[in-house]
Amino acid sequence: MAFRKEELSQTLYENESEQSSETKELMLNNEESLSDWRNYFDEKLTIPGESGALNGTINGYLTLPQPDGCLLVLQHGAGSSAMSFAPVTQELLSNSDNKVGFLALDLRAHGETTLEPESDMSLETLSKDFTHAVSYVQRMFELDEKIILVGHSLGGAICAYCAFQKTIPNTSGLVVIDVVEGTAMEALGFMKTYLSNRPTSFKSIDDAISWHIKTLVTRNRLSACITVPSLLVQQEDGTFVWRTDLYKTSPYWMDWFKGLSDKFLRAPYGRMLIVAGTDRLDKTLTIGQMQGKYQLEILPETGHFVHEDVPAKISSLLLNFWHRNQPLVLPPKVGATPVLQ
């Protein structure tokens, strides 16, 4: 039996240390149903690829905005899935009077997306997939609401690329979560070591969730219960392995992040960067922040998966960002003479 959305909106978003014993018991008794997408989105989409369904489909989850609202397009990072943003969505919905909608997409070679070839993970290809999927949803549902692009890690690089290139109509804002060109490029040298120390399989989903918590990949157990199952696929012997082979993406790592800071700063929309610490900033973004070119938010109590660790804070930042970037409509001047045509 799935959680009611009302229960989720009341209990999902505190840090684990802040959760009551009742909340923890409710969570542990319902871990399997927590990962059901229906708790967080209204629709599941199967979007044909740019060349049609012959080369596979893109998996997405959608909740439509109200006519005077906006659509947040949520793109996860490498090795993650669209469900990475699920802990945020109910808080967004309940605090926006249902005005905000959201579209979360599985990247190529991730989640339930089946696009081929899965080996092509270049930033250009991923950005084309992203643009195609968003444009398809805009046409299919006749959406003309403003769009804010929100991306975590690699997803942030994709969103920055598309914002800089202006590939998605009606975009009004760009939010990048915990990815900066300089620090990302430095971290790439340690990625293969990290991957080699990571388990290749788990006996159960619960073991995988426990590993994510123990290693601080995710610092919120409830979020881990929601997001981790979509990262794994079950083998014939009953064990669970990673859906995405991150080793195979290594030829593209430099390509993903090169020029990211410049693209972010030159995107012609409102910009917000959310990071886990000031040490994440590189020189370009430090100078840009001092010049007031973007909004900077620092959440030091979090790890790399900021939006999973503190979803309530992320949802609050996103809603405030949306309100600040809405077009200003000025009232007519008092006593102004109407112009006759």
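Here the Cβ of each residue, glycine as well, is placed from N, Cα and C on the backbone.
What Swiss-Prot says about this protein:
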- 1-24: region 'Disordered' (REGION)
- 9-20: compositional bias 'Polar residues' (COMPBIAS)
- SER153: active site (ACT_SITE)
- ASP178: active site (ACT_SITE)
- HIS304: active site (ACT_SITE)
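Taking CA atoms as the reference points, ASP178 (active site) and HIS304 (active site) are 6 Å apart.
For SER153 (active site) paired with HIS304 (active site), the C-alpha to C-alpha distance reads 8 Å. Around the Cβ of HIS304 (active site), a 10 Å sphere holds 20 further Cβ atoms from the protein chains shown.
A coil conformation is recorded for ASP178 (active site) in the three-state DSSP classification, outside any helix or strand.
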